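Copied over from TrEMBL, here are the features:
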TRANSMEM  A:6-26  transmembrane segment
DOMAIN    A:87-293  domain 'Cytochrome c assembly protein'
TRANSMEM  A:94-111  transmembrane segment
TRANSMEM  A:123-142  transmembrane segment
TRANSMEM  A:175-195  transmembrane segment
TRANSMEM  A:247-265  transmembrane segment
TRANSMEM  A:272-291  transmembrane segment
TRANSMEM  A:311-329  transmembrane segment
DOMAIN    A:313-620  domain 'Cytochrome c-type biogenesis protein CcmF C-terminal'
TRANSMEM  A:350-371  transmembrane segment
TRANSMEM  A:391-410  transmembrane segment
TRANSMEM  A:422-439  transmembrane segment
TRANSMEM  A:473-493  transmembrane segment
TRANSMEM  A:598-619  transmembrane segment
C-alpha cells in the first residue's frame, strides 16, 4: 500500500504540473496568477514530498516486494544506510531531484511578491514545464515504486563504496543546489518571454542563486573530502567526469551570483545575467544526463541505460535548447542596461564573469573532448589531470589576483582607484613569494602560495575603516567568502608543494619514513564488521616526541563481493598523515603513506566560502524583512 | 551580425553537445576491455614447476593439440578463494585447467590448494610476474582459454564467478 500511495501522489502531482502549465499559457483569461498557479505549485510540492517520504519508509522497512528496495538494500544493513539507500540509486535519486524541483517551485510561488504578474505567470509556467518533463521521466522510464513478484528473501545490498556517512548527505546537498538553480532558470525564461529584465528580476533571482550556490559549494567540498578519504588515492580532486559535472554548474552559479548583483544594484549586465541563469541550470541538467546515461565512464557511473539516456536527452533538448534559442532570439530586444566604464566595480565583475566562463569552457571541453574525438576519428582517448591542472591553474591565479582589487572599486566608474589600499596585500604577496624560494616547488605552487597570502590580507580590506558592528552582513559574507578562496588556495598549493609520499612493501616490524615521520608497521590483524571482514594494519608513527597510532584497513564486503581500502588519516595542526594498507605480497604488506602539510585548508576554505554565502543570504533576507516592515508601517 | 552570432553561440555549443551525445547513445561504449592478445598465439614463456608434485609448463606446451584454460592465481589473493569452487565446477564439466602461481611460494600454494581445492593439471611458478606481464594480465585472478594450436581465444579479467560459467563454457565449446 505504501508504494501505491507514493505512486498515486506522483501521478497527482504530474497532473497539477500540467494544470499549472496550461494556466500559464492561457494567460490572464483564467484569472489572477496567484489564484491558480500558487495553489497548484504548493500542492505539487507537498505531494512529491509525500512520495519521497514513502520511498524512504519502504527502504527503512526493507520492503523487498518493491523492486528498487530489493535491488539496492539488504536487511542486514545499518539503519543509516537503509535510510540513505533510498537515494543511492537511479530511481530514488531522480525522485529526490523531482521532489526538490517541486518544493522549490512551491517556495517561489509562495515567497515571490515583487515581480510583475506577467513575468511571474511565465516563470511559474516554465517551472511547471520543467517539473512535468521530470515527472514524465520518473513515471514512464524510472518508476521507483515498481513491485517485484515474488518478493525475494533478501536484497542485493548497496555498493560498499557508498556505505559511508558522507553518502547520507552529499547527494541531497548537491541536488538541492542543482535544482535550486532551476528557479533562476525559470525566472530567466519568464523574463525573456515578457522582455522584462531589470533590478526586480535580479532581486527575485538572487536569494535562489545564493542559496543554491551555498549548497553546491558545501556539496562539492564534502564530495571532495569524501573522495579523498574513501577512495584511498590521497588526492582531493580527480577531474572525474562526475566531479566536473558538479563543478560546471558551480562555476556558472558563481559567475551568476556576481552578475546578478550588478543587475540588482545598477541595472547592468542584463544579457550576461540571463545567459548565466540559463547556463547554470542547463549545466546541472547536462551533468545529471552525463552521470545517468553512462555516456561517460566514471567511478560514479550508474547502470548504463540508453533508453533512459535518450529520454533525458530529449528533455535537455526541449529545455536547454528551447531556453538558449529563446535567449538568442529575444535577448537582443531586451532594453540595454546601465553603462559603465572599464575601471569600475562592474568592470571587475565582468572580468570575473569572463574568467569563470572561460574556466567553465575549459572543464566542459575537457570533459566531453573524448566523446568528440571518438565520434570524429574513432580513437579512444582520455583527458586527465595534466590538461585540467595546466589550464585551470593559471586562470584560477588570475581570478585570485582580480580579487585583490575588484571589491575595492566604485560602481559605474572609478577615475582614481585607490591603489594605495592594495599596497599592503601586494607587499605580503612579494614577501611570501620570496619565502617560497626556501623550498623547491613548481611555479604554479609557488605563485599559489604567494597569492593566497596576499589575498588573505586583500580580502579583509573592504572592512578596513568601517564600523564593524554597522557593516551589513552581506559585506561580511563577501569578505568571508573571499577569505575562504585564499584559504582553499593555500591548502591546494601547500598540498602540491609539500606533500611527501612513500610506497613500499613492509614486513611487520619494519620502519618506513615519510616526510618528518617514521612509521613502523607493528602488525596486521583480521577484524570483522557488520557486513564485512578486513585485515587491519597497526602503524605507529613518530615525529620528535609525538607518537600516533593509525589502523588502516583493507575491507572485503560479502554482498556484493567487493574490496575497499579504508585509509587511516590523522589530522594534526600542521597537516595530515594519510595511510593506506594494500595487498599482501608474501611476508610483506603494501603500504602507502602520505604526509600532507596544511591540506585540510582546502576544505576549510570551501566551508568558509559557503559560510560567507549563507551570511549574505541571511543578511539580505533580514534587511528585506525590515524594509517591508517599515514600508507597511509607513502605509 | 557578430552580436547575433555571439548570442547564438551557447545554442551552437549545445547543438554540438547533443550531436555527440546522440552518437554515443546510439553506440554505447563496451564495458569489457577486449584483450589485445585474443586471436594471437600465446607469447613465449617457460615456467618451472611451482610444486614438486606437478609439472610446470611453457607457451610451447599449450600448443599440444588440446585446448586449455590457463588460470592466473595466488595464495595471497582473496578473490581466488571465491573463484576456487567455480574452477572445480569447470573441471567437473571437462575443462582442462593449468595454473600460473603469481609471486608465490611452494608452502603457501600447498596450503591454499589443500584448503580451497586443487583443479590444476599443471602449475607453473611465476615468482616475478613475468608470465603475467607477457600475457597482458593486469591482476590476479585472470583466465585465458587457449586452443589446441596455442592461440588465445578468450580472456576473462577478475574471478570467474558462477554467473560467468555459461559464457566460459560457451567459449570452451567453441575451441574443442
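Our numbering is plain: 1 for the first residue shown, then up by one each step along the chain.
From the backbone N, Cα and C atoms, a Cβ is placed for every residue, glycine too.
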If you count CB pairs under 8 A between the transmembrane segment (A:311-329) and each of A:123-142, A:272-291, A:422-439, the winner is A:272-291
Per the Cβ under 8 Å criterion, with at least 6 residues separating them from its ends, the transmembrane segment (A:94-111) contacts 10, 13, 17, 37-38, 41-42, 44-49, 51-52, 55, 87, 123-124, 127-128, 130-131, 134-135, 137-138, 142, 144, 171-172, 175-176, 178-180, 182-183, 186, 208, 288, 292
Spell out yes or no: are there three or more C-beta pairs under 8 angstroms between the transmembrane segment (A:391-410) and the transmembrane segment (A:422-439), with each pair 6 or more apart in sequence? yes
Sequence-distant contacts of the transmembrane segment (A:422-439), meaning Cβ under 8 Å and at least 6 residues beyond its ends, amount to 404-405, 408, 445-447, 449-458, 461, 497-498
Best-packed against the transmembrane segment (A:473-493), counting Cβ pairs under 8 Å over A:123-142, A:247-265, A:598-619, is stretch A:598-619
Other same-chain positions with a Cβ less than 8 Å from the transmembrane segment (A:123-142) and lying at least 6 residues past its termini are 10-11, 13-14, 17-18, 20-21, 23-25, 33, 37, 40-41, 44, 90-91, 94-95, 97-98, 101-102, 104-105, 108-109, 115, 182-183, 185-187, 189-191, 193, 307-308, 311-312, 315, 318-319
Under 8 Å Cβ-Cβ from the transmembrane segment (A:6-26), and at least six residues away from its ends along the same chain, one finds 33, 36-37, 40-41, 43-44, 47-48, 50-52, 54-55, 58, 95, 98, 102, 121-122, 124-129, 131-132, 135-136, 138-139, 143-145
Spatial neighbours of the transmembrane segment (A:247-265) not adjacent in sequence (6+ beyond its ends, CB under 8 Å) are 177-178, 181, 184, 197-199, 201-203, 205-206, 209-210, 212-213, 216-217, 220, 272-273, 276-277, 279-281, 283-284, 286-287, 337, 345-346, 349, 352-353, 356-357, 359-360, 363-364, 367, 411, 613
On average, residues of the domain 'Cytochrome c-type biogenesis protein CcmF C-terminal' (A:313-620) score a pLDDT of 87
